[in-house]
């Protein structure tokens, strides 16, 4: 029964994670459409500190879609480990890329499409080799994890980095560097996932009949989640308003996944009991994602499609016979000169030899 229950939990968590990626991927498109409409109206843009998007229904539709995705994601963390749920967020990259090609003026070149494919393959590899987290059955267990010295140091560093980026780096480079706002969202996201995991455990306890509302940790986790998510939404809006959606989504995925996996490894000690094969598989999957994101980001301004590649190949094929012909012509001239020099060395004029050969050929034909 325990094994069957574990299987059901796994498949429920998997289905919720996939549906979450679909909703979140679509939310990026809806938000971007709303922000573009505001830009056409001349409203102050979100990237410049404006909040006119609060009056745009498309932005609210995107927010509701993201809310549905986050709710599904929230539930997925309650049924499955973070190292299974988080890598599946790569599906939102694919959803966003496909929808942006239909509903926005953005286009992915060949490198970008290959980058998305590599991101999906890498995520699949990570899911297959995902480490198993330690079982946490109650908020009491979660409280012990949260006061672990390793996690306290990690959480302190995350808060410090986030504050430096918000108050020092963001005012100077936020408008020009895509990594600034995404870094803020990602490092804060590590803490939000920890809050989500703890609240998921609290909900399970409440369903089982335990009174979790008297536990201060449940309220601390709820307040922490609201604060983290609010910060993520604010700075993600800034990134989407300024930069291309097809770039923001995958880069955010890589940074967010890195933060969550690091946090999960420290908080739940997932890597301690992994085999060498699983470690190599997980790292290989993650590096595959990094390569995919590099292809997507580094060559975004290069116009490369399958059609242009076909044209280039045809041009090379047309050029090859001409080159071979030139080579053959050069060889003929070389042989011709050598034959002439050989005849002249024997003291016979080339014309007489040619006439004699012609006469011999005529007599043979007769």
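Even glycines carry a Cβ here, placed using N, Cα and C.
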Next item on the list: Look up region 'Disordered' in TrEMBL and report which of 309-337, 338-366 it refers to.
Entry: 338-366
Check: Cβ under 8 Å to the transmembrane segment (280-299), counting only same-chain residues 6 or more beyond its ends: which ones?
Finding: 83, 87, 90, 108-109, 111-112, 114-119, 121-131, 246-247, 250-251, 253-254, 257-258, 261, 274
Margin query: Given a Cβ distance threshold of under 8 angstroms, which distant residues of the chain, six or more beyond its ends, lie next to the transmembrane segment (247-268)?
Written below: 25, 28, 81-83, 86-87, 89-90, 92-93, 96-97, 115-116, 119, 131, 133-134, 136, 145-146, 148, 150-151, 154, 158, 178-179, 182-183, 185-187, 189-191, 193-194, 236, 239-240, 286, 289-290, 292-293, 296-297, 300
Item checked: Closest-packing stretch to the transmembrane segment (57-77), where packing means Cβ pairs under 8 Å, from 12-30, 84-104, 151-172, 178-196 -> 12-30
Checklist line | Chain residues in Cβ proximity to the transmembrane segment (151-172) (below 8 Å; excluding those fewer than six residues from its ends, i.e. six or more beyond) | finding: 145, 180-181, 183-184, 187-188, 190-191, 231, 235, 259, 262-263, 266-267
